[in-house]
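Q: Okay, these came from TrEMBL:
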- 9-680: domain 'Myosin motor' (DOMAIN)
- GLY102, GLU103, SER104, GLY105, ALA106, GLY107, LYS108, THR109: ATP binding site (BINDING)
- 557-579: region 'Actin-binding' (REGION)
Amino acid sequence: MAELEGFEFGKSDFVLLDEVTMEQFLDNLKMRFEKGRIYTYIGEVVVSVNPYRQMDIYGKDAIDAYRGRELYENPPHLYAVADAAYKAMKRRAKDTCIVISGESGAGKTEASKYIMQYIAAITNPSQRLEVESVKNVLLKSNCVLEAFGNAKTNRNDNSSRFGKYMDINFNFNGDPTGGHINNYLLEKVKLLRGGSEDMLKSLHLNKDPTDYTYTQQGASVTTASSDDRSCHKAVMSALKVIGFTEAEINSIYKILSTILHLVSYSSSALTVGGLSEGDAVQHIAELTSAEPESVKKALLYRTVATGGGEVIEKGHSEQEASYGRDAFAKALYERLFGWIVGRINSVIEVKDYNPALHGKNTVIGVLDIYGFEIFDNNSFEQFCINYCNEKLQQLFIELILKQEQAEYNREGITWQHIDYFNNQIIVDLVEQPHKGIISILDDACLTAGKVTDTVCLDSMNQKLGQHAHYTSRKLCPTDKTMEFNRHFRIRHYAGDVTYSVESFLDKNKDPLFQDFKRLMFNSLDPVLTEMWPDGKLSITEVTKRPLTAATLFKNSIIALVDKLACKEPYYVRCVKPNEVKSPMLFDEARCRHQVAYLGLLENVRVRRAGFAYRQPYERFLQRYKMTCEYTWPNHLMSSDREAVEAIVVQHGFEGDVAYGLTKLFVRTPRSLFTLEQERAALIPILVLFLQKVWRGALARMRCRQMRAIYTIMGCYKRYKVKAHFWEVERRFANVRNMSDYGKSVEWPTPPAALMQFHRITQHLHRRWRARQIVKNIPPSDMPEVRAKVAALGALSGERVDWGFNRAWERDYLANLYCSFLSSSTKDRALLITDKHIYKLEHKKHFKMQKRMPIETVTSLSVTSGSDQMVALHTASQDDMLVYLQRGQLGPKQDRVGELFKMLIGCAESLFFLHQSNQTIRHRFVPSICDVYFNISLGELVQIYVEETEANMALYVCLCCIEMVKFLH
């Protein structure tokens, strides 16, 4: 990785320094800072220098460059350590953590945000909505927690006043499924900036922070370095994204406003006579949804239960009331912050998780906690913060330095021993039972009577006077930097810190009168009620004395260290280059101090004296066995160590490795990089090979399945065919003996394969049935039957009746049953021969009145009703309209069908018949009858009266027929 950056940028890994000295370390750090290279490795540890400016190294291109790459393949970056932690979690299903440490202002909070953004960017490639929702909430939670837990100080624009440890849960796919946040030691309050006028008015607040005691100090250092209004909108948006309701957000603002109103009272006003039910009391009561009288009573009185169970009210002195008010305000904010954290956890925590169903749940922890602090006046808060950093430094020493040497010793690897400072002695000074400072503070808080901070300091001097890392003015009278009865000093790993003992006991006890708890529990605001469950207890109920603030903090830090110790750690060590937030100034003295107390030189020495990479033989072989012909796919050697040796020998790395009892140690990253490059080149080939084998197996399995499917389908189809045959045979077994020869028998539904066969069978049955019927018809009746069949093909469905139920005699002149052409005065007869159509006068001995050659007839038209009108159309448009009388002997006989068949029979040599749904069309061009389509019968008669014979008055015009259907 040293070759990835030019020599003008210095060494990208401090392990590559020519000599491990403070001067060379600082020179390299300064060169890289001035060249814009703010990240440098120490093996797998990232050293980050706060650039105090925006840098274009965190975009999508940078994320893509580090995604899935090894730690040493790219220049040092936060993304590299984040990706290493993610890969270790995903590949080996091992819980990991990223510990970000450094003093206040070194850039820890920004580093944690970039790490979170990177993890969010590389997960959930399928863009599943539920995973995106979890990622969004995890990212937005940072914004909310910073708004309520960070503050602007004279050393840092965004100083964390609380510690935050976030566990991010991942499923077996490596996608985030939830998380959990732990917070530690909330310290100060900030508010007002960015709120709208209407909101502030509803909360009875002013926009100027200097009007309120808690915000005066912060307001004095506030500058226009950020847009407070946009930050406020961002926080509101984040709260809504996380899932806070409007009512909950309003409750948050009311609680913050209550805190500011509480501290608006001067100490002299907090007396029985000085506190009236004025605006402030009314505002507090309104904001907390409580009664004004109850608020006033809680501020001025304390309810006490005597030994006999009697309850009395004791008025506060001015000092007691002020102290109680301050404790109440602090508790309000502390519980509000804890409630916000709990509310976020309720949204992001993994629910209904079943390892058997969802796979193993792995975790990446990110620790962003306040750094080591040395102020002009250091109090109880700085004491707790610095104790926390001592514990984290101890963890760093144990995991990076101490465990490093211990592992080499266990594996039988010879190396030069390195002396380092073990700060366990300082940790014991603070937390050792019965002897530590926390134990002494707790004893003083639990002692009956008036115990002051000075008395507590004397107790510490007495018990800790011989400790090498503790001193005070009483123990060292010549040190005038400390005051008698006020100061004590601890020699921390980061340097000497002088603490003022004033208010140590009060802050440690942090007593909150039960009256305030009951007041908040009985509030009508459900959020306040939820925050104060201990207010449910009555004054007479005996409760266990709560743990002190220092003990609670100690227990939480010990639990945090235990949680980190069981994970594979990755470290980001943050350095603050100067005190004036300059992007160009590198304060060597300030940086020297931080390098020393962060133990960075010791870390470099360990890495140089030892090996940068180590891995159990089994895992090393599993990862790199494909790079050696003797180990792929499986080796035949006596042990995994011999197989690993074969890999090393084949690549020529014998001088760069050492063989431990259970692990292989690789000295330089170059050797590992070579192996990774060869492995990366082979992986696609192996993947293709495995895909080929697997696809072949899948294809063969699918082939067997398809064969089985087709066999089953064939058997089933044969069964369905046979079943259909059996059913047809059963239903038609007795049709010969049926009167209708099976016409009334319902055919079974055939399978799809037999549809054509079914149609053919039905056709054969109909022909057989017709044959059976025709056999019983006398031969003399067959011409008439054929004639009716011919007429049936054209007229069936077109007319209501066409005479198929009567006998067709054909020759009506001989029997005096003639077809008559009617007029107003005379009856006429119609004679059809094979060549002509004759119109005859019946009463004049059938004198021919008109002759029409059949070949001139192009088409004829009939109606769809029961009338007997027929129109004969000719090519010369000399059409003939006739009306057939039903006859005197058979008045209900329809003769249209017989006439139609007669004309067809006579013109067989000249015409052909074409059937359709509505017409019979001649082969020649349609005649004028097409014009008469969709006209009434009356209109048709009127046209023929005008165009043919004026004296043709037909009684058929009296018929009410709406539609004439033409047969062309």
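Every residue gets a Cβ built from N, Cα and C, even glycine.
Map the listed features onto the structure and describe their local environment.
A: Annotation for GLY102 (ATP binding site): same-chain Cβ neighbours under 8 Å, separated by at least 6 residues, are SER48, LYS108, GLY371, PHE372, ARG573, CYS574, VAL575, LYS576, GLN594, LEU598.
Across the range of the region 'Actin-binding' (557-579), the DSSP-based residue counts are 9 helix, 8 strand, 6 coil.
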Q: Check each residue in the chain of GLU103 (ATP binding site) that is at least six apart in sequence and keep those whose C-beta is under 8 Å from its C-beta; list them in sequence order.
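A: Once residues fewer than 6 apart are set aside, GLU103 (ATP binding site) is near GLY371, PHE372, GLU373, ALA494, CYS574, LYS576, GLN594.
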Q: On average, what pLDDT score does this prediction assign to the region 'Actin-binding' (557-579)?
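A: Mean pLDDT for the region 'Actin-binding' (557-579): 90.
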Q: What is the Cβ neighbour count of LYS108 (ATP binding site) at a 10 Å cut-off, with all protein chains included?
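A: By my count, 26.
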Q: Run through the Cβ atoms and count how many others sit within 10 Å of the one on ALA106 (ATP binding site).
A: 25
